[in-house]
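Here is the structure we will look at.
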Amino acid sequence: MYYAKRGSLTHTVKSSLSVPQPDGNPMAVEIRSSRKGTSSTSTDRFGFLNFYICCFLSLSSSSSSSSLVVAASPSPSPSQQLIISRFQQYLQINTAHPNPNYQEAADFILSQAKSLSLESETLDFVNGKPLVLLKWPGKNPHLPSILLNSHTDVVPAEHHKWSHPPFDAHIDDHDGRIYARGSQDMKCVGLQYLEAIRKLKSSGFEPTRTVYLSFVPDEEIGGHDGAEKLADSDIFNKKMNVGIMLDEGLASPNQNYRVFYGERCPWWLVIKASGAPGHGSKLYDNSALENLLKSIEIIRRFRASQFDLVKAGLKAEGEVVSVNTVFLKAGTPSPTGFVMNLQPSEAEAGFDIRVPPTADPASLERRIAEEWAPVSRNMTFEFKQKASVYDKFGKPILSATNSSNPWWALLEGAIKKANGKIGKPEIFPAATDARYFRERGLPAIGFSPMANTPILLHDHNEFLSKDEYLKGIDIYESIISAYASYIGDMKDGASREEL
């Protein structure tokens, strides 16, 4: 209520404010002021100030309800500020291709390991690409261990297209977003592993199973000099005795975390067409470019048929075969560009194909040979990369997502215990380092705890909010605790999934 009597300069302001209390019930707070005077300028100003306060409160309350509810997010505690600061330090190390600063990243990880009293080792499978392996010994070294994998490299960023420099790790004061290349893919997960272990150690937790953490290079360009080398090494196959491996996932725009039990396999295909050269004015059949364009149209129709399944909601992106043209190469170069009156004798196109482990690879290969690059049209093809959809036992590279896989059940329970929710298990649409371990028959799960976050990996203005990052640490604390405490079935001959 506002009341003002000009003659005596009496101003009365009364309003109520509803403030949430710890018990959930709002508390009414009365703001009241009354001043009297005859000619005091300060008193008059005070009255008008109260008038404006009253108007603000009245407008605010009328726009929502009869009371104004004020909710302020708490400031990070000193310990949380240190956690965020360490994350920023890691993000500020420029590990973007083509010249990633791997050594600085490795030194940072080693310094964190030292502060946590973790055993550490640097593996140099390839010169200039250090792989850091950390170990938290368990009380029972005979049980299969846990491997927490993350990669240290990131993709390049177009600096001029970012709101903030991509390696400043700028924090927006308004919404707490941390802008940096690698904030989602996947420096967040690597540091969340370490921060979760920091919390577990401070609580006095001792793991029953040994926990390994691998910080690998090279993932963004195929992982051949990083995770693949580790998976092929004697240290992995003869010493580590890994029973379950965790790797990266994707952000989720909604409240449910995304969890991946498999991934599409990359097939990088190059198709070459040949034909007789000729004058640019001449019309004739089966020129190189004509043959290639026919194939591109056939491939386009196949791509559309797969994409339609996704658009209709019949399949998820990871469940269809995706095909995208990545380069076209033809023409005869000249000092000013290309010779414009000469039809070339060769033409090429490159395609990035992603094959889900549920697909029939033999059928797809026949399609390529018979429809996309048939010999009858003077065409050939080769794979620059062709990952198998089967593991070494001839089974589709998938990890079970039911009660037959205790690791899956433990993950579900741990996330729920930490007040998280997960959606339907998915096949990862691209490739990750997890494939090198699944190929060897190991169960592997892709999981990045980022809910309520747009998918911005490899995009401009990649970010992760402080709150989501901190929540992810709690999630991984719960997962590591559950995995490292699990005894499992100790019977002879038990599979790694059973253990």
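Just so you know, the numbers here start at 1 and follow the chain as drawn.
Backbone N, Cα and C define each Cβ position, glycine as well.
Zn(2+) 1 binding, as stated in TrEMBL, involves D185, E248; the candidate among H142, H151, H279 given for that site is H151.
Among the candidates E121, E220, E228, E412, the one that TrEMBL lists alongside D185, H458 as binding Zn(2+) 2 is E220. In this structure the C-alpha atoms belonging to H151 (Zn(2+) 1 binding site) and E219 (active site, proton acceptor) are separated by 6 Å. When the recorded positions D153, D185, E248 are compared by Cα distance to H458 (Zn(2+) 2 binding site), the shortest distance belongs to D185.
Ranking the recorded positions E219, E220 by C-beta neighbours within 10 Å puts E219 at the top.
Within 10 Å of the Cβ of H458 (Zn(2+) 2 binding site) there are 15 other Cβ atoms, across all protein chains.
Distance between Cα atoms for E220 (Zn(2+) 2 binding site) and D153 (active site): 7 Å, as a whole number. In sequence order, V154, V155, E248, L457, H458, E462 are the residues of the chain that are 6 or more apart from D185 (Zn(2+) 1 binding site) and have a CB within less than 8 Å of its CB. Within 8 Å of the centroid of the Cβ atoms of H151, D185, E248, where the record puts Zn(2+) 1, the same chain has further Cβ atoms from S150, M186, K187, V189, E219, E220, D247, T432, D433, S448, L457.
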